[in-house]
Amino acid sequence: MSLSAPLVLGIESSCDETGVGIVRGTELLVNAVASSMEEHVRFGGVIPEIASRAHLDAFVPTLSAALKEAGVSLEDIDAIAVTSGPGLSGALMVGVASAKALALATGKPLYAINHLVAHVGVGILEGGKLPENLGALLVSGGHTEILQVNSLTDDVRLIGSTIDDAAGEAYDKVARLLGLGYPGGPVIDAIAKDGDRKAIRFPRGLTMPKFIGTAEDPGRHRHDFSFSGLKTAVARCVEQYQKRGEEVPVADIAAGFQEAVVDVITSKAVRACTEHGLSNLLLGGGVAANSRLRELLAARCASAGITLRVPARELCTDNGAMVAALGAQLVATGNAPTGLAFSTDSGQPVSMVSLAA
Ligand code: KG4
Ligand code: ZN
């Protein structure tokens with residue numbers, strides 16, 4: 001195998017996307033994704049059991065499509081990488097069992113990979129090497145984290161994370177409250193453009209002095225997020241209008257809600273970077289598509305002297321290419337494969353970039 005540019009197959013199944021990606025070193029060959037999102041629409045959120053079954057149905061067709069599009073066979077592959085966590089247990093199990101079966105049948109080395117670190121590793125597919133002093137802000141339906149990436153393959157630290165709902169989850173729940181359907185992010189993003197973001201001020205979670213403290217004496221939740229109070233505040237606001245028999249100002253509520261989410265995320269991310277000496281920030285996750293988040297984050301990073309990097313949308317959402325990209329880096333830096341004797345870890349910490357053999 002070529003250690004500098006290994007051909008790696010990446011498999012992702014931690015939530016509702018079945019992803020199979022193939023990379024050669026830092027070059028993306030194919031990024032095939034099947035999503036079960038449509039099947040979750042009527043429930044207003046991802047139903048783990050439905051997602052797991054959908055992965056079972058989608059895996060083989062997605063794999064075949066990826067191999068065909070890249071023009072490679074399983075024989076050509078140097079290594080296989082699979083998301084082992086964090087994520088939904090049942091969903092992870094489908095990808096991991098499939099990856100183990102492929103590794104066993106082909107004799108190829110298998111790497112069990114951290115989903116969150118893979119969101120960062122995908123940056124390598126656009127412009128090669130990641131910069132030094134790198135932070136990452138991951139915002140999706142399943143996670144909201146700020147990471148410090150000292151070394152992609154062996155030193156990633158969690159600076160902050162949500163203590164309740166993920167940012168995308170808050171969008172989905174609020175969209176349901178406003179009768180806007182699922183997924184909530186794109187529709188709130190769109191309707192907020194017709195609203196006044198200053199008309200209603202919603203609470204900014206974990207921004208009070210008792211939570212954030214000071215730079216010298218940080219509070220317990222200085223870099224953490226909380227969105228469940230915000231969701232409740234939106235519910236109360238809607239109720240007030242309904243009680244008074246008034247029309248609910250959906251666009252203003254959507255704009256005010258979005259501003260609260262985006263204000264907290266961007267200010268906390270920039271503060272975390274500044275205080276940890278991180279002059280580069282990579283954005284990832286489905287919420288990275290949000291127009292107001294991009295706008296405010298770009299502005300705040302620019303004023304703080306932080307260089308912002310936002311991968312293409314299809315690489316920000318869950319996909320197999322990011323898993324393959326991180327797998328290729330692990331191979332290139334000489335990390336030992338995990339082998340077949342590992343289990344999924346729905347709470348895999350970011351410090352475990354890949355599971356040890
Ligand atoms: O990364 P992703 O595809 O997978 C999950 O983590 O599930 O992210 C999906 C999430 C959903 O919660 C969706 O509402 C949110 O990303 N999302 C957005 C936007 N587009 C998708 N949130 C805010 N604004 C958007 N434009
Ligand atoms: Zn993700």
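Cβ coordinates are placed from backbone N, Cα and C, and glycine is handled just like the others.
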* Structure fact -> Listed alongside L138, V139, S140, G141, G142, G185, D189, N290 for substrate in TrEMBL, from D154, D172, D196, is D172
* **In the chain carrying S140 (substrate binding site), residues 6 or more apart in sequence that have Cβ under 8 angstroms from it** => A166, A167, G168, G284, G285, G286, V287, T317, D318
* To do: Could you tell me the mean pLDDT over the domain 'Gcp-like' (28-324), as a whole number?
  => 97
* Measuring CA to CA, name the entry from the binding-site residues L138, G142, G185, N290 that ends up nearest H119 (Fe cation binding site). => L138
* What Cα-Cα separation, expressed in whole Å, is found between N290 (substrate binding site) and H115 (Fe cation binding site)? -> 21
* Structure fact -> Filtered by Cβ under 8 Å and at least 6 apart in sequence, the residues in the chain of H115 (Fe cation binding site) near it are E12, S14, T83, G85, P86, G87, D318, V323, Q348
* Structure fact -> Other than H115, H119, D318, the chain contributes near Fe cation (Cβ within 8 Å of their centroid) the residues E12, S14, C15, T83, G87, L116, A118, L138, S140, H143, G284, G285, N319, M322, V323
